[in-house]
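Written out below as structure tokens is the structure these notes cover.
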Amino acid sequence: MSTKEKLISHVMKEEPVGSRNKVTVVGVGMVGMASAISILIKDLGDELAMVDVMEDKLKGEVMDLQHGSLFLKTKIVGDKDYSVTANSKVVVVTAGARQQEGESRLNLVQRNVNIFKFIIPNIVKYSPNCILMVVSNPVDILTYVAWKLSGFPRHRVLGSGTNLDSARFRHLIGEKLHLHPSSCHAWIVGEHGDSSVPVWSGVNVAGVSLQNLNPQMGTEGDGENWKAIHKEVVDGAYEVIKLKGYTSWAIGMSVADLVESIIKNMHKVHPVSTLVQGMHGVKDEVFLSVPCVLGNSGLTDVIHMTLKAEEEKQVQKSAETLWGVQKELTL
């Protein structure tokens, strides 16, 4: 008799139940690992699967996390074979090529499309009913690519979009007003990154519209220069990259925030990337961030945001830029 047999007596033969709240993270780079640790610490899944083509890095990261299993409630698994991801509820894609110096955005996009052509069919094969969350950049275009390659209905494919941009925005407004970001309600919509659109008309604290108090808010003529806050949101990522080489923690927390709303069926509203064709005057098949309701079925509803004509025009301009890139892609 083995030590185990002397210690434990079976009452019944256990049938594998399978995981109900399994989350997969594809890519164990800085963003993938920050997402993984955020998901683990928030206790969101009963199993976390990690997958990457770089076998040694993957093995090392998984072992490192597993060594902390005593302090967690989530089973951690990892393999370069996608079978490890089977039956996931949510799959978070953070993998992708890094932009090289002097590389055009279109070239980077096409390289990432080629990577997605391998990743997405593997996800679909093992988790045909999952909710697919794209984090890799440029996130709006790659969410469109993932949607096309997966064949999933649009409510099961979303991009992390401007969830982080809006968090940065609320943090900076909070700093200026000496308030906690959760008390500063503000939204950034449109494209994640340089051409994102701050909805100044919607910025409020306790229901008090800041634009009612300062009608010039967000414009060139504003003596308080609130416009600089949006510039800081856009430049924030570049600043962090310049200082530490990459961004990771805030995007990781942002991903966990979205995963939580899905797994816990919270029906919480987040600015995430979804198909916006037919909204705000957008004619093409593009994905941009608008306020969306997230729950157990995925992205169930879109909130009709009241945008000013100028804001709407910016969204349309973003859409045209994205479509210009998308129509050149070979899927």
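The backbone N, Cα and C atoms fix where each Cβ goes, glycine too.
Worth saying up front: this structure is predicted, and the values here are computed from it rather than measured.
The following features are taken from Swiss-Prot:
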type	residues	note
ACT_SITE	His192	active site, proton acceptor
BINDING	29-57, Arg98, Asn137	NAD(+) binding site
BINDING	Arg105, Asn137, Arg168, Thr247	substrate binding site
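Shown here: features listed in Swiss-Prot, placed on the structure.
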| residue | record | contacts (Cβ under 8 Å, 6+ apart) |
| --- | --- | --- |
| Gly29 | NAD(+) binding site | Thr94, Ala95 |
| Ile37 | NAD(+) binding site | Leu65, Gly252 |
| Ile41 | NAD(+) binding site | Leu72, Ala256 |
| Gly45 | NAD(+) binding site | Ser19, Asn21, Lys22, Val23, Ile39, Thr74, Lys89, Val90, Val259, Ile263 |
| Ala49 | NAD(+) binding site | Lys22, Val23, Thr24, Val25, Val77, Gly78, Asp79, Val84, Thr85, Ser88 |
| Val53 | NAD(+) binding site | Lys80, Ala95 |
| Lys57 | NAD(+) binding site | Val28 |
| Asn137 | substrate binding site | Gly96, His192, Gly193 |
| Arg168 | substrate binding site | Glu232, Val233, Gly236, Ala250 |
| Thr247 | substrate binding site | Met30, Val31, Ala237, Val240, Ile241 |
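Under the three-state DSSP scheme, Lys57 (NAD(+) binding site) falls in the helix class. Spatially close to Met33 (NAD(+) binding site) yet at least six residues away along the chain are Glu61, Ser248, Gly252, judged by Cβ distances under 8 angstroms.
Residue environment of the residue listed as 'active site, proton acceptor' contains 28 other Cβ atoms, counted within 10 Å of its Cβ in all protein chains. Reduced to three states, the DSSP call for Gly29 (NAD(+) binding site) is coil.
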